[in-house]
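Below you'll find the structure, written out as C-alpha cells, and then a few comments.
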Amino acid sequence: MEDFVRQCFNPMIVELAEKAMKEYGEDLKIETNKFAAICTHLEVCFMYSDFHFINEQGESIVVELDDPNALLKHRFEIIEGRDRTMAWTVVNSICNTTGAEKPKFLPDLYDYKENRFIEIGVTRREVHIYYLEKANKIKSENTHIHIFSFTGEEMATKADYTLDEESRARIKTRLFTIRQEMANRGLWDSFRQSERGEETIEERFEITGTMRRLADQSLPPNFSCLENFRAYVDGFEPNGCIEGKLSQMSKEVNAKIEPFLKTTPRPIKLPDGPPCFQRSKFLLMDALKLSIEDPSHEGEGIPLYDAIKCMRTFFGWKEPYIVKPHERGINSNYLLSWKQVLAELQDIENEEKIPRTKNMKKTSQLKWALGENMAPEKVDFDNCRDISDLKQYDSDEPELRSLSSWIQNEFNKACELTDSIWIELDEIGEDVAPIEYIASMRRNYFTAEVSHCRATEYIMKGVYINTALLNASCAAMDDFQLIPMISKCRTKEGRRKTNLYGFIIKGRSHLRNDTDVVNFVSMEFSLTDPRLEPHKWEKYCVLEIGDMLLRSAIGQMSRPMFLYVRTNGTSKIKMKWGMEMRRCLLQSLQQIESMIEAESSVKEKDMTKEFFENKSETWPIGESPKGVEEGSIGKVCRTLLAKSVFNSLYASPQLEGFSAESRKLLLVVQALRDNLEPGTFDLGGLYEAIEECLINDPWVLLNASWFNSFLTHALR
C-alpha cells in the first residue's frame, strides 16, 4: 500500500500526509491504510479549491491554471494540510476579518464567497452514515459539510453542493480511479474495511416529501410543524428544572417534585407469613452424589448404564420409610414410587443386556404422582356460548411468605469452592476469530477462578437435567421414562468422575406450545435431615432410604441417607433456557471484564494480570447488615456467577418485576450519592410497584433484604 501511495499521489501531498501522521504519533509503515486515506482527503481538498476564484464583482469564476487572470483572489482558503498551530492561526485570522463563528474542530476549507467553513469528507462507507457522524461531531450550523464516496455518491448540507457539476465530477472521477487502481493491486478490500467512524451518530438531516408530511401528522397535540417540535425538544435543558419541564407538558400531568434526601427513602417492606419454601427444580446445597471415578464400564456414557454403576457403589440401602410427609399429598404413593424404581432397576440388572432407556410401568402411584387423567376436560368455547353463568374458575391469591435464612445459606454455599473441576477451558467458547491476546487471558483467569465453584456444578447439573428431560419429552411422549440425574466432572488430580444425584420420572409430554407443561417426579439423594428446617421442604415428601458411612477426622461415622421426592413441572421454554445455563458464565465474565476496563482506563494500561494476581487487594462483593462485604477477586467472580445462576434457577415474574422496579430506586439513590440532587414524584407509587413483587419467592425476598442493607449503608 505504501508503494502504491507514493506512486499514485503528488509528492507534495505525500509529504504533507507524512508530516500529519508524524504529528499524531502514527507510523505510516504500520497504518498504511490511514496513510492512503490522508493522501486521498488532501487531494480532494486541493481539487475542491483548484481553479476557483472570485473576480472584482465578488462573483465566483472557474479559471484554468495557465490563464493570465490566475492572480485573482482564490475563492477557498485551504486549512487542511497545515500543521495544527498554523491552521488555527489561519482560522482565527478568518474569524477576526469576516466575523465568522470560530469552529470547535479544525475545518478543511473556508469559502470566501459563501462566507462559511467547509468540512470535506471522503468515505468508503455509505455517504449518509458518514454525513450524520460528521454532523454530530461538529454540531455547528455554520460549518458546511460535503461528503464524497468512492462510488460516485455525494451528500452536502441542505443539498447545497457549493461547486459546479463539472468540478465535482473531476473529484468523483479521481476517487473512482484510485479505487480501481487499488482493486487492481488487491488493496481495495483492506482499505474499504479499515475505515473507522466518527465518535457518535445523531440523525439530524432534512426530511422531505412523504416522510415530512408523515412527521407533521405524527406530532403531539399543540405543535403545528416539525420545526416547532424540534425547537421545543432542543429547549429541554438536560439538567434544567424538572418543574419547568412538567409545566410544558399536558395539563393532565400533575406531579409535584419532591427533593430526594438521605432521610427520604424507607426500607422496602418484606411480607409477613410462614417462611418461604424451596422451589428450585432440583436440590442445591442439600444434594448428595453417588459417584464413580475413572468410569470404564460397558456402556459408559449411556445415562442408564452410568446410573446403575453409581447405584452399585452404595451398600447401605434399607427398607424406606417416610420421615417428613407432604402435607397435602398421598405420601404412600411417593414411597411406592421409590420402591418401584428400585424394583425396576433390579429387573434391568437381571436382564442379559441393559436397555439404553427405561420406561416405567404405569402404576396407580405413578399415575397419581404425575397427574395422569387429572387435567380438566377441555371444551371448545363455541359449545359454551349459551351458558349464562360461564366464568373463569376462581383462583386463590398466593399466600404471602416471609424471608427465611435457608436461602442466604444456599447462596453462600453456591459461592464456595468444591474439590472438583466442573468446566473445561472451552466451556465459555473457543476463540472464533483471532481474538486479541488480552481477551483469551481474561477468559482463562476467570475460568480458573470459577471452574471449582459450586455454582458451576449447578450450571452443569441444570444443563444435563433440562437437556435429558426435553429429549425424553419429545422422543417418548406417552411414556413414564426414568431419567437419571447425572453430572460429570474431574477430580483435582484430573481423573474423570460421573455423579448420580437421583432420578426423574417424566409424565405424558405432548408439548405443542412453548408453555405446555410436562409433569415429573424428582427423587434426589441427600444427607440433610428435613426435620431441621421443615418449612424449607413444604413441597417434598422425604423418605429415609439407607445409612451412609462417612470418613471423618475421628474415624468412620454412619449418617442416615434421605430421598427427597416431589411432583414438579416444567415447559419447553423453561427447559430451553435451562439447557443454556452456560450463558451465566458469559454474563458474569462480562461483569468482571467491565471492572477490569474501569481499572485499566484509570491506570491507562491493561490491568488484567494485576487484577487477578494481586492477592492482597480486596474488592466490594455486596451489602450485608454488617456493611459492605469485601473479598478477593476470585470471590467476586464466584459471587457474580452465583447471582447469575440463581437468577436462572429461581427465574419468575416476581424476579422480573422486582429487578425492573428496584433498579429505578437504585438509580435515584446512586444519583444522591453522586451529589446530583435528584428529585422524585410519586415515590410511594414506586415503592408499591416494588413491594407488589414480594410475595413468596425466596430469591426475590433475599434480594429485597440485600437492597435494604444497601439503602442503610448507602445513606449513612
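Positions of Cβ are set from backbone N, Cα and C atoms, glycine also.
According to Swiss-Prot, the feature Mn(2+) 1 binding site maps to H41, D108, E119, I120, an assignment based on sequence analysis. Under the heading Mn(2+) 2 binding site, Swiss-Prot lists E80, D108. Summarising the annotation, Swiss-Prot assigns motif 'Nuclear localization signal 1 (NLS1)' to 124-139. The motif 'Nuclear localization signal 2 (NLS2)' annotation in Swiss-Prot covers 184-247 and rests on similarity to another entry.
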* Give me the Cα-Cα distance between E80 (Mn(2+) 2 binding site) and I120 (Mn(2+) 1 binding site), rounded to a whole Å. => 9
* **Three-state secondary structure, E80 (Mn(2+) 2 binding site) (per DSSP)** => coil
* Asked: Going by DSSP, is I120 (Mn(2+) 1 binding site) part of a helix, a strand, or coil?
  -> strand
* What other residues of the same chain, not counting H41, D108, E119, I120, have a CB atom within 8 A of the CB centroid of the Mn(2+) 1 site? -> V44, C45, E80, P107, L109, I118, G121, V122, H146
* Asked: Where does H41 (Mn(2+) 1 binding site) sit by DSSP, helix, strand or coil?
  -> helix
* Any idea what the model's mean pLDDT is for the motif 'Nuclear localization signal 2 (NLS2)' (184-247)? -> 69
* To do: Would you count the other CB atoms within 10 A of the CB of D108 (Mn(2+) 1 binding site), including those on all shown protein chains?
  => 24
* Sequence-distant neighbours of I120 (Mn(2+) 1 binding site) in its chain (C-beta under 8 A, six or more apart) -> H41, V44, C45, Y48, E80, D108, L109, H146, I147, F148
